[in-house]
Amino acid sequence: LSQQGVSKKDFEGFRNLFHRFLQVKGPSVEWAKINRPPEDSIQPFDKIKAKGLPDNIADSLNKLVVVKLNGGLGTSMGCKGPKSLISVRNENTFLDLTVQQIEHLNKTYNADVPLVLMNSFNTDEDTKKILQKYTHHGVKIHTFNQSRYPRINKESLLPVAKDMAMTGENADVWYPPGHGDIYASFYNSGLLEQLIAEGKEYIFVSNIDNLGATVDLYILNHLVSQPNGKRCEFIMEVTDKTRADVKGGTLIQYDGKLRLLEIAQVPKAHVDEFKSVTKFKIFNTNNLWISLSAIKRLQEQNAMDMEIIVNPKTINGGLNVIQLETAVGAAIKCFDNALGINVPRSRFLPVKTTSDLLLVMSNLYSLEAGSLTMSERREFPTTPHVKLGSSFTKVQEYLTRFESIPDMLELDHLTVSGDVTFGKQVSLKGTVIIIANHGDRIDIPAGSMLENKIVSGNLRILDH
């Protein structure tokens with residue numbers, strides 16, 4: 001599509017979204033109408049797994065397309081460029097690991113699963129440059145772009161942009177409208193039709209920074225083995241909430257349909273109830289399995305309905321703007337026979353911070369064919385709770401503070417605050433809290449073993 005064609009489509013899409021935004025008043029759910037999902041609408045993964053696998057796995061795989069959401073930048077981790085190009089493990093980036101996984105799948109089963117990246121105008125150019133290195137990896141890679149919408153002034157509700165330019169004073173005035181945009185932009189790109197013509201039936205969508213989102217053959221088999229009249233068009237992988245996940249979206253029954261309920265849609269008076277682990281026990285991992293023909297049908301009928309997320313931002317010199325977004329999982333209510341599958345926590349391993357990065361770089365996980373699995377040498381299946389302070393926020397700075405990644409096999413909880421560095425081959429066990437006071441520094445000596453320790457004050461090790 002030409003730049004002008006894209007802009008026209010973008011404009012229509014934005015106009016529809018903005019129009020809906022003006023009509024909506026108040027929270028989009030009536031709290032009294034919310035019900036727990038019926039028993040059979042969220043299946044335990046073990047039940048899906050118990051069905052086993054057919055002999056012809058390749059047939060099922062050849063109906064599958066893997067889609068990774070690749071619109072985000074690495075800014076929150078202090079990196080320039082697409083987040084997917086940050087090194088996660090042994091110099092491998094998120095994108096490298098994704099390609100290795102699919103390459104392994106295609107080789108093992110002699111299948112042809114393509115990879116599709118949904119880029120944004122922020123990540124497209126850098127991503128395309130890097131894709132050349134995968135030409136001989138046995139994975140067909142396609143890309144399409146998210147829409148580009150104008151940020152609007154919070155007061156006047158008018159676009160801030162003066163013209164269509166992206167640079168100079170216009171750098172901050174456009175935004176990609178959230179991953180709910182996948183349906184329209186995938187459809188508009190022509191790629192959706194092309195893949196259907198190639199005999200593809202389902203996409204497996206996930207965030208590129210979720211290292212647990214690998215192709216699961218049992219879920220795929222469940223999808224393709226449904227009887228024709230009861231074809232499941234949408235599967236959302238959910239997992240049990242822990243205290244760390246109280247903000248995650250959850251599945252509810254509403255007007256007789258499964259629906260995703262996000263914290264932003266909850267009336268203020270009920271936020272605490274929403275966060276409770278007792279009433280809403282699961283949250284959305286954003287690993288989704290969706291029928292291609294259903295997306296096509298819903299797009300053509302203009303029946304894709306997703307709640308609007310209003311995201312306030314402050315740009316150049318304190319101007320308050322809002323950007324209107326939608327979430328990919330919110331469309332679950334539009335699809336037929338939608339299902340939640342309660343998967344093991346291991347399928348949700350997002351890397352949002354350097355604290356997450358420390359976990360996945362450590363010996364808690366082993367890497368095989370692009371997939372990370374919890375080390376068999378760890379006795380507890382739970383992930384340790386890691387909180388690194390502000391001195392560790394940026395990846396570059398974080399890396400300089402560890403001479404090597406500590407042994408964390410027996411760690412339960414780690415909190416680090418202030419100017420702290422770690423020597424080579426440090427071992428951390430149980431609960432370890434290290435707090436350097438303002439102006440002080442703590443160097444954990446090489447080879448130290450800290451088990452259930454609090455280290456505070458000042459400990460400097462100087463080269464002699």
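For all residues, glycine too, the Cβ spot is worked out from N, Cα and C.
Copied over from TrEMBL, here are the features:
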type	residues	note
BINDING	K83, Q146, G178, D209, K352	UTP binding site
BINDING	H179	substrate binding site
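Feature annotations (TrEMBL) mapped to structure.
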| residue | record | Cβ neighbours (10 Å) |
| --- | --- | --- |
| K83 | UTP binding site | 24 |
| Q146 | UTP binding site | 26 |
| G178 | UTP binding site | 23 |
| H179 | substrate binding site | 24 |
| D209 | UTP binding site | 22 |
| K352 | UTP binding site | 14 |
